[in-house]
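If you look up Swiss-Prot, you'll see 1-24 marked as region 'Disordered'. The compositional bias 'Basic and acidic residues' feature in Swiss-Prot is assigned to 1-13. Residues or ranges marked as substrate binding site by Swiss-Prot: Lys7, Arg10, Lys41, Pro42, Val43, Asn44, Thr45, Lys66, Arg85. What Swiss-Prot lists as active site, proton acceptor is His12. Annotation source Swiss-Prot lists disulfide bond at Cys26-Cys84, Cys40-Cys95, Cys58-Cys110, Cys65-Cys72, citing similarity to another entry. Summarising the annotation, Swiss-Prot assigns active site, proton donor to His119 and lists similarity to another entry as the type of evidence.
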Amino acid sequence: KESAAAKFERQHMDPSTSSASSSDYCNQMMQSRKMTQDRCKPVNTFVHESLADVQAVCFQKNVACKNGQSNCYQSNSAMHITDCRESGNSNYPNCVYKATQAEKHIIVACEGNPYVPVHFDGSV
């Protein structure tokens with residue numbers, strides 16, 4: 001079974017792309033990263049930074065998670081991200097997404113040993 005840390009990497013990490021160059025980016029990535037298999041995942045964020053930089057966030061600013069848990073962390077610096085949002089004409093299995101690029105501080109939930117990101121909580 002896929003670990004929570006591996007799932008985070010599959011769903012949110014894309015260090016090899018500096019930013020989403022085309023509107024097709026989300027459609028291709030959401031499909032290739034298997035987030036459109038049994039439904040269209042409505043919203044997903046990809047982070048265009050190194051895995052080491054994202055893992056380091058687990059040791060940065062401790063903040064409350066949206067669900068009230070205390071194991072979330074906000075990055076000290078802004079990171080290149082792409083938000084993929086399902087667009088109005090999307091209809092499973094033909095999932096259609098709109099890409100929005102931003103440079104924002106990310107918030108991730110971390111757990112385990114080693115202490116690594118397991119959930120993307122948001123960006124500010």
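From the backbone N, Cα and C atoms, a Cβ is placed for every residue, glycine too.
For the substrate site, whose annotated binding residues are Lys7, Arg10, Lys41, Pro42, Val43, Asn44, Thr45, Lys66, Arg85, the maximal Cα to Cα separation is 22 Å.
With a cut-off of 8 Å between Cβ atoms, the residues of this chain six or more beyond the compositional bias 'Basic and acidic residues' (1-13) that come close are 33-35, 44-47, 51, 54, 108, 111-112, 116-120. Between the alpha carbons (Cα) of His12 (active site, proton acceptor) and Thr45 (substrate binding site) lies a span of roughly 6 Å.
DSSP assignment over the compositional bias 'Basic and acidic residues' (1-13) gives 9 helix, 1 strand, 3 coil. The distance from the Cα of Cys26 (disulfide bond) to the Cα of Arg85 (substrate binding site) comes to 8 Å. Taking the Cα atom of each, Cys110 (disulfide bond) and Lys7 (substrate binding site) are about 13 angstrom apart. In the three-state DSSP assignment, the secondary structure recorded for Cys58 (disulfide bond) is helix. Of the candidate recorded positions, Cys65, Cys72, His119, the one lying closest to Val43 (substrate binding site) when CA atoms are compared is His119. Proximity to Cys95 (disulfide bond), judged by a C-alpha distance within 10 Å, picks out Lys41 from the recorded positions Lys41, Thr45, His119. Ranked by CA distance from Cys84 (disulfide bond), the recorded positions Lys7, Lys41, Cys65, His119 have Lys41 at the top as the closest. Here the candidates are the recorded positions Lys7, Arg85, His119. The one whose C-alpha lies nearest to that of Cys40 (disulfide bond) is Arg85.
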